[in-house]
Amino acid sequence: MAVIPVELGGRSYEVHIGPGLLARLPALAGPLLRKSAVPIVADANARRHWGATLQETLHSSGRTAQWYEVAPGEGSKSWSELERLTDWLLAQGVERGDHVVALGGGVVGDLAGFACAILKRGCGFIQLPTTLLAQVDSSVGGKTAINTAAGKNLVGAFHQPALVLADLATLATLPPRELRAGYAEVLKYGVLGDRGFFDWLAENGSKVLAIEEKSLEHAVATSVAAKARIVAEDERETSGARALLNLGHTFGHALEAEGGFSDRLLHGEAVALGMVLAARYSARLGHLSLADAERVTAAVDAAGLPAEIAALALDCDGAALVEHMKHDKKMDAGTLPFVLLRGIGDAYLDRTVALADVALFLDEHLHRH
Ligand SMILES: NC(=O)c1ccc[n+]([C@@H]2O[C@H](COP(=O)([O-])OP(=O)(O)OC[C@H]3O[C@@H](n4cnc5c(N)ncnc54)[C@H](O)[C@@H]3O)[C@@H](O)[C@H]2O)c1
Ligand SMILES: O=C(O)C(=O)C[C@@H](O)[C@H](O)[C@H](O)COP(=O)(O)O
Ligand SMILES: [Zn+2]
């Protein structure tokens, strides 16, 4: 069991990591669960597997669960779902001082977190992440959002949860493809800032993917600690420190948008491929050795994640992907800073990248055999 603080002054909170934490929600949340009928926004699959555990523990603390179910998939991060959810929360009589519970992966966490950010100009929420991706990344740090026709996470808010319980036991029911997608964000922490962790993953990644308890807990705790450090330094992504968490995402979000946010490419898969592209582009600029770029590619490939954009057989060219990138939230006065690499564990923000050159680079990779 690990407890990692996210230090944000009056908005500080703890991330608890370990098996069996869902059953400890009433004990760990204490007065945060002010309403006796607890509003729970749940991914349908997470509810199917873990809803009974949560319901039982709430009942045994004298509370009831009020369920709002979200259809699985990226499509639920939408205006229509946000409207339906906020109407439901209002119908439940949720007040600013109440805490809504989000049970599920990043889709539910981002959607419910955003609904709570705007409900009565902000009510509380608790994250119960049930995917590896949500446990190591999306439940921590307070980025909340929905997608729009123009692209990924384009409407949202920073709104921190009051508590995060990452129950490792919930990962037992997660499909292997989703586990691998979450592993991409784990790998990201090593690639962007911790070569020692990258090397540890090279040795132990297969144990993490096999949900071997000790290795899994080490990987989740190391990832959350890295994210907590960065978020405490730059909560709202203004100094450049937090932007490093976007490694692989400028390429990745463009690929997700091009695929219409379908199951063809999951967020974690897009990030994995995006990290490979960021590493290869860094090597092309002469900032990263080819050997390190290939190490990143090999780590992605070894985890069963997509490492070659050509294999996606996308019906688009580099210029089309660059058009999607222009919606990136890092865009600043016509310049798009890219998270690139000087080494494994040494990411930096490059504000000198020419988008026309990125389009050429992508064209070379889209048709590589
Ligand atoms: N806010 C952030 O900082 C942040 C960080 C990373 C990613 N994200 C966002 O997170 C989203 C991706 O999150 P995700 O990968 O968790 O995907 P997800 O929420 O779509 O969940 C993945 C799949 O797993 C199922 N599922 C969830 N828990 C389960 C369980 N315990 N057992 C069985 N099935 C379960 C879901 O129904 C879904 O089909 C993207 O929208 C991405 O943009 C946000
Ligand atoms: O927390 C962050 O900061 C991140 O960038 C984490 C990313 O893994 C995550 O996908 C995030 O939602 C992307 O942020 P965005 O600002 O590019 O939408
Ligand atoms: Zn991400």
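Every residue, even glycine, has its Cβ placed from backbone N, Cα and C.
Annotated in TrEMBL:
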DOMAIN    69-180  domain '3-dehydroquinate synthase N-terminal'
BINDING   Gly106, Val107, Val108, Gly109, Asp110, Thr130, Thr131, Lys143, Lys152, Thr170, Leu171, Ala172, Thr173  NAD(+) binding site
DOMAIN    182-331  domain '3-dehydroquinate synthase C-terminal'
BINDING   Glu185, His249, His267  Zn(2+) binding site
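Residues within less than 8 Å, Cβ to Cβ, of Asp110 (NAD(+) binding site) and separated from it by at least 6 positions along the same chain comprise Lys77, Ser138, Lys143, Thr144, Ala145, Ile146, Asn153, Gly156. Those residues of the chain, other than Glu185, His249, His267, with a C-beta within 8 angstroms of the mean position of the Zn(2+) site C-beta atoms are Leu133, Asp137, Ala184, Lys188, Gly248, Gly252, Gly268, Ala270, Val271, Gly274.
Listed in sequence order, Pro129, Thr131, Leu133, Ala134, Asp137, Ser138, Ser139, His267 are the same-chain residues at least 6 apart in sequence whose CB falls under 8 Å from the CB of Gly106 (NAD(+) binding site). Mapped onto three states, the DSSP output places Thr131 (NAD(+) binding site) in coil. Take the binding-site residues Val108, Leu171: by the count of other Cβ atoms within 10 Å of each Cβ, the lowest one is Leu171. Counting every protein chain shown, the Cβ of Lys152 (NAD(+) binding site) has 24 other Cβ atoms within 10 Å. Cβ environment of His249 (Zn(2+) binding site): Val271, Gly274, Val339 lie under 8 Å away, each six or more residues apart in the same chain. Ranked by Cβ neighbours within 10 A across all protein chains shown, the binding-site residues Thr131, Thr173 are led by Thr131.
Counting every protein chain shown, the number of other Cβ atoms lying within 10 Å of the Cβ of His267 (Zn(2+) binding site) is 26. Within its own chain, Glu185 (Zn(2+) binding site) has Leu132, Leu133, Val136, Asp137, Ser223, Gly268, Val271 as residues 6 or more apart in sequence whose C-beta sits under 8 angstroms from its own. Screening the binding-site residues Gly106, Val108, Asp110, Thr131, Thr173, His249 for a C-beta under 6 A from any atom of ligand 2 leaves His249. In the predicted model, residues of the domain '3-dehydroquinate synthase N-terminal' (69-180) average a pLDDT of 98. Farthest C-alpha pair in the NAD(+)-binding residues Gly106, Val107, Val108, Gly109, Asp110, Thr130, Thr131, Lys143, Lys152, Thr170, Leu171, Ala172, Thr173: 29 Å apart.
The 6 Å Cβ screen around ligand 1 retains Gly106, Thr173 from the binding-site residues Gly106, Thr173, His249, ordered by sequence position.
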